[in-house]
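A short worksheet on the structure shown next.
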Amino acid sequence: MTLDAAETDDGAGRTRRPPQERGLRTQAAILDAAVRVLAEDGYAAASTVRVQERAGVSRGRLLHHFPSREELFVAAVHHLAAARLDELVVGAELPADPVARIAVAIDAMWASNQAAAFQASLELWLAARHDERLRAALLPTERRMGAMLLETQQALFGPELAARPGFADLMELLVSSMRGTALTYAITGADSSSEPNLALWRELVRDRLLGPAPETSQG
C-alpha cells in the first residue's frame, strides 16, 4: 500500500489522514446531515441534536465547527446550493446553437428550483422573516450565493449570450419568476416537469437575447 504524502500509518495497518482533512470530512458530514434534517423537519423543528445524531459526531465536535444553530443551517444550505450549482454546469450537455442552448439552460435553472437546496432555502427564507439572528446570518450568505448563481447562469448560457445587454437583469427576473412558480409545487406536490411557463420563459429569453423570431408569412 502506498500512502499519500499527507497520510501516515498508525503502526497497526490503518491509514491516518491529516487533521485538516479529517476536519473537512467531519464538517461535510455535519452539513449533509443538517440539510437532511432541515428538509425533513422544517426549520422550526430542526435541532442541532438531530443533526449531531444524523452526522454521528460528538456535541463538542459539532459546536467546534458551528457554534450556533443559525450558523449551522445557513452554512448547510449554502453547502448544498453551491454543490448543486456546480452540478448544473458539469452535468449539462450544452449545445453550441444559441436557441438550443437557451432551452437547455432554462430547463436546468427550473430543475434547480425543484431540488432539495431550494426546499431547504425556502425554510430559511420564511423563518428569517421573524428571526433576527437567522436573518443576520443569512443575508451575507445570500449575497454570495447571488454572485455564484449569476456565474453559473453565465456558464450555462455561454459567453456570447451572457455578454448581451441586460443579461443579468433578465436572469434576476427569471429567478424571481421561477421561485414564485416553484412555491406552488412545494404546496401541491404536483409534477413540475411539464410546467407551462417553461415555454414562456424560453421565448422571453430568446426574444431578449436573440431578438424576436421572424414572423412566418401567411397566404
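Every residue number used here counts from 1 along the chain in the order it is shown.
Cβ from N, Cα, C; glycine included.
TrEMBL annotations: computationally assigned, not manually curated.
According to TrEMBL, the features are:
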COMPBIAS  1-10  compositional bias 'Acidic residues'
REGION    1-23  region 'Disordered'
DOMAIN    24-84  domain 'HTH tetR-type'
DNA_BIND  47-66  DNA-binding region
The domain 'HTH tetR-type' (24-84): DSSP-derived helix, strand, coil residue counts: 49 helix, 0 strand, 12 coil
Mean of pLDDT values spanning the domain 'HTH tetR-type' (24-84): 91
